[in-house]
Amino acid sequence: MRLRFPWTTNCGLFFTRYEEDQAFLPSRAAKIKVLCLFALLLALPWLVGPYPLRIASQVAIMALGAVGLNLLTGFAGQISVGHAAFMGVGAYAVGALTTKLGLSFWLALPLGGLAAALVGAFFGLPSLRLKGLYLAIATLAAQVILDFAFVRLEPITGGAAGLVLTPPSLGPLSLADDTVFYYVTLALTMAGVIFALNLSRSRVGRAFMAIRDRDLAAAMLGVDLFGYKLRAFFLSSFYAGLAGGMLAAYTRVVTPEQFTLDVSIQFLAMIVIGGLGDVLGSVYGAAFVSLLPIALSYLAQALQGVLPQMVNLLSACQTALFGLVIILFLIFEPQGLAKLWRHIKDYFRLWPFSY
Amino acid sequence: MQQELLVVENLSLHFGGVAALTNIDLTVRKGEILAIIGPNGAGKTSFLNCISGLYRPSGGRIFFEGRDITRLSPHRRAALGIARTFQNIELFKHMTVLDNIMLGRHVHLRSGILAGGIYWGLAQKEEVRHRRRVEEIIDFLEIEFIRNRVVGSLSYGLQKRVELARALALEPKLLLLDEPMAGMNVEEKEDMARFILDIAEEWGVTLVLIEHDMGVVMDLSDRVAVFDFGRKIAEGLPEEIKQNPRVVEAYLGGQLAEEA
Ligand SMILES: Nc1ncnc2c1ncn2[C@@H]1O[C@H](COP(=O)(O)OP(=O)(O)O)[C@@H](O)[C@H]1O
Ligand SMILES: [Mg+2]
C-alpha cells in the first residue's frame, strides 16, 4: 500500500487486532495456564499446612522485591547491589511509623514504599555518569551506608536490637493469622507483577529497554536518559520498600541483619536465575533462591547421621553457592529459568527421539 | 522564498588537538534534500552529531526554526522534531521491529509510570492509536513481513530500513541520514532512494544526508555541501558542485575521471 498523505489512512480498521497483539497473554493456552496457577495459589491454604504457607508468604514477599529489581536491572539495565538496603528503608519506615507514630500499617506501607523510592532515586543519581561495574560499586556504597544507618540511627531504627511490631489487622482480620497474611501478600505481589507486565509493554517500559540496549540511540529518539534512569531507581526501590514493609509485618521484628549485602546478592541471583527482563521469571527465581536453603537444610538433616559436619558446611557455602549459580546462569542460560524450562519441555516433547 | 529550518553558524569541534570541524557555516532550507559529501574523516558524521546533540561543539551556534539549540540536550532536540539514523546501525537489537519503531513514537506518547502500569484505559488507548501510525510507516517502507521479528536477526539492508522507520515514526521536521545506503546492493539502494524521495516530497520532511555514491547524490539532492578536513569547501547545486575545481581536486577527481 502506498501512502498519499502521511497520517490519515485507514483508521479504525485494525482496532481489535492491535489490542490483541499487545496483550501480554496472547494465546489461549497461556491464559488457561495462568488461570490454573492462580487457582492453585488461591487454594494453597487448604492444600498445605501452616509452615509451608508461611514459606509461601515469604516467597511472595521476596518475589515482589525481585520484580522491582528486575525492572531496574533487567529492563533498564542499571545494576544495583543495594536492593536489600532499599528494602530495609521500607521495613524501617513501616516499623518506625507504626510503632513510634502509631500510624496504621496500611498508611505506613505505601509511605514505606515512598521512603525507599526516594532513597533509591537518590542513590541512583550516580547513574547519570556511571555504568556497569562502576555503578555496581556506587550502589554497593549505598548498601554500606544504609547498613550503617540502620545500626546507628538508633532513635528511629532501634539500633542493633531493631524494632518490634504489633501484627497489623485488616478490619476484623489479623495479619498474625497465616492465611490472612498469605492472601494479603499474594494480592500485593500479584498487583506488583501485573503492574510490571503492563509497564513493560507500554511507553516507560520500552524506554527502559531502549536505555539498556542502546542508550545514545534512545536519547536521539527523545528518551531523557537521566530522567528514566531515576524513574527506574525510584520504581524499583518502591517495590523493594513495599516488600520490606510486608517483611516487617511478616517477621514482626526489623533488624539490620535482614537487609545485608548477602540479601542484595540473593536478589540479583533471583533475577539472573529467573531471567533478566522477565517479570514472571523474577517470581520463579525468588521461589528458587528462597526455597534452596530450606531444601539444603533438610538435606543436611537427613545426612546428619552420616556426615555430621554437613550442616555447618552447607550453610557456610550458601552465599558462595549463589555466587556460583549466578555465574553459571550468566554463562550458560542468560535468559534464566524460564528459558531453561522451555528447553526441558522441548526435550521431553521429542523425548524418545531426542538426540 | 524558502524558509530556513536549520542554521549552523561558525561551528567548530575539537577532540584534544584534533580539529574535527572548523568554522562551518551551513543553512538547511525547509523542504529540501541537502547532501553532504566528502572523503572519510572529513567530519560529516561529527557534523550530524553536533546537530543531534551527541557532541557538544567547541564553538559556534546551531539554530533550529530560529531557536538556539546549541546547548540543548539530545532528547529535547528530538522533541523539537530532529531525528536521525546512524552510520553504524544503532537499533535496539533485542527488541522486535515493532517495539523499535514504537520507540520512535516516544515523544508523541504521554503515559508515565502510573498510566503504563495500570495500562487498561489511557495507556492502552494510546498504544493502539500510535500503533496504527506505526503500521502506516511499516506499510510505507514495505517491512510488514518482519514486523514481529527481533531486529538482531535481520539482514543489514533490512536493519537500515527499520532504523529509517524508527526515525520516521518521530514525525521529524528534519531528518538526518548518515550514509543510508552504505553496504547495500543495487536493488536495496534503489528502494532506499525511492523512500527518501517520497519522505521529502509526500511527507514534507527536510533531509540532510551523507552519501558517498555520487550517482545517488546527483539524483536525490537539491543542494550539495562538500566537507574536507573538517571544513566546508563548497556548497551549491549538484551541477555546480560537479564543475567546482576545488571539489574536483579534493574529492571528486578520481570518481569523475572514472565515470568519464
Ligand atoms: N568521538 C571522537 N573522538 C575522537 N575523535 C573523533 C571522534 N569522532 C570523530 N573523531 C575524529 O573526527 C574526524 C572526523 O570524523 P567523522 O566525523 O567520523 O568523519 P566522516 O563521517 O566524514 O568520515 C576524524 O579525524 C575522527 O577521527
Ligand atoms: Mg561518517
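Heads up, the Cβ atoms here are built off N, Cα and C, so glycines get one too.
TrEMBL lists A:32-49, A:55-72, A:79-97, A:103-125, A:132-151, A:180-199, A:230-251, A:263-281, A:313-332 with the feature transmembrane segment.
Below 8 angstroms of C-beta separation, residues 78-82, 84-86, 88-89, 92, 119, 123, 126, 157, 159-160, 256, 259-261, 264 of the same chain, each at least six residues beyond the ends of the transmembrane segment (A:132-151), sit close to that stretch.
Using a Cβ-Cβ cut-off under 8 Å and counting only residues 6 or more beyond its ends in the same chain, the transmembrane segment (A:32-49) has close neighbours at 25, 56, 178-179, 182-183, 186. The stretch in closest packing with the transmembrane segment (A:230-251), judged by the count of Cβ pairs under 8 Å and taken from A:55-72, A:103-125, A:263-281, A:313-332, is A:103-125. Taking residue pairs at least 6 apart in sequence, the transmembrane segment (A:103-125) and the transmembrane segment (A:55-72) share fewer than three C-beta contacts under 8 angstroms.
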